[in-house]
């Protein structure tokens with residue numbers, strides 16, 4: 001007897017239930033549990049969550065459920081900031097709609113494909129359109145795509161959409177849609193620059209922040225290394241070369257820093273690939289192909305640009321700087337140690353990073369404190385040993401502390417023996433109290 005799927009609670013159409021069974025889904029993820037009921041009812045929602053939380057099915061399942069196959073008009077528009085992400089969403093939708101008895105038309109429109117062919121195909125409008133903001137906007141301007149009939153707009157990876165300069169395109173798309181539009185925005189972070197756009201189109205949206213689960217992977221070793229007064233790029237280069245990675249990805253927080261690091265490593269004789277929002281789609285696609293072919297051993301990337309790209313065989317992840325949003329640490333380091341292989345996640349840190357390292361430790365990350373000496377990693381003592389020693393002192397009995405001080409002073413014969421006897425007597429009393 002098969003287990004009853006917990007997706008039944010949402011009341012999806014039977015063909016969606018069949019698709020869910022075929023996909024092997026049983027238990028909804030946290031984001032699905034929280035947001036699917038509201039999306040089915042037509043609520044506008046901002047969902048702050050990382051990739052890998054089941055986010056895509058959170059919006060595609062209710063959208064497919066609510067589509068009217070009898071109506072040859074656009075009913076939902078889904079934007080994603082990269083061709084890879086848009087294609088992934090389209091493929092996931094097709095895995096569900098193929099079980100529908102009545103055909104649900106879904107069309108993918110992305111840059112780098114034949115625009116005229118897309119226009120010809122749009123002579124019959126699809127019920128669901130998925131694509132990159134630039135290409136969707138182009139087709140609206142060409143009057144080939146009509147979105148005024150759509151009830152729902154999804155902006156997936158909104159922070160990346162902003163970072164890659166697509167927000168104006170999304171603004172134009174939203175402006176052509178009905179006033180009572182259901183807008184679903186998904187983003188790992190909510191940057192300040194995104195907020196005016198959200199307030200323009202969303203009145204009192206529901207907001208949900210789904211915290212990532214820290215999977216304490218036994219295959220990933222989390223290391224931290226203080227840069228101290230050393231040249232950070234020299235140190236990084238020495239570590240990368242000395243570690244002999246199968247494939248190493250170095251993460252930075254900004255495009256500017258990614259350029260500086262990549263150029264600095266190239267100047268130091270390394271062959272380095274670079275992935276960030278200012279790299280044009282064609283070059284990005286070529287770079288990805290070269291990485292897959294192992295033409296590069298070292299990749300420098302920003303969090304936003306690396307999102308949605310599945311790079312196989314990463315043996316080392318290096319945090320050139322700790323991310324401001326610690327959710328990204330989980331996402332970065334989760335790229336290594338996959339499929340049973342071991343992985344190393346190394347963070348180069350400064351004194352100013354101590355608070356964030358402490359927060360990560362509270363989240364369940366166990367760090368190994370290392371340094372780079374004589375072309376190899378050496379293990380150091382716990383960086384918090386002094387603080388732990390101080391804390392231990394503070395919890396000691398004040399009388400015992402006083403006795404210790406006296407024991408260090410010079411005194412009469414057998415003086416230290418008497419002091420030690422008294423200290424042991426104090427400890428015995430304390431132990432009796434705790435019984």
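Backbone N, Cα and C define each Cβ position, glycine as well.
Marked as motif 'Q motif' by Swiss-Prot: 5-33. Look at the motif 'Q motif' (5-33): DSSP puts its residues at 19 helix, 0 strand, 10 coil.
What Swiss-Prot records for 36-208 is domain 'Helicase ATP-binding'.
The DSSP secondary structure for residue 50 (ATP binding site) is coil. Cβ neighbour count for residue 50 (ATP binding site): 21 (other Cβ atoms within 10 Å of its Cβ, all protein chains included). Sequence annotations record features per position, and here Swiss-Prot assigns ATP binding site to 49, 50, 51, 52, 53, 54, 55, 56.
Annotation source Swiss-Prot lists motif 'DEAD box' at 156-159. As a whole-number mean, the pLDDT of the motif 'DEAD box' (156-159) in this prediction is 92.
The domain 'Helicase C-terminal' annotation in Swiss-Prot covers 235-378 and rests on sequence analysis.
Look at Swiss-Prot and you will find 383-435 tagged as region 'Disordered'.
What Swiss-Prot lists as compositional bias 'Basic and acidic residues' is 391-403.
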Within the same chain, the residues 6 or more beyond the ends of the motif 'DEAD box' (156-159) and with Cβ under 8 Å of it are 55-56, 59, 78-82, 85, 89, 185-191, 194, 304, 307-308
Where else in the chain does the motif 'Q motif' (5-33) make close Cβ contacts, counting only residues six or more beyond its ends and a cut-off under 8 Å?
40, 47, 49, 53-55, 57-58, 61-62, 64-65, 95-96, 98-101, 208, 210
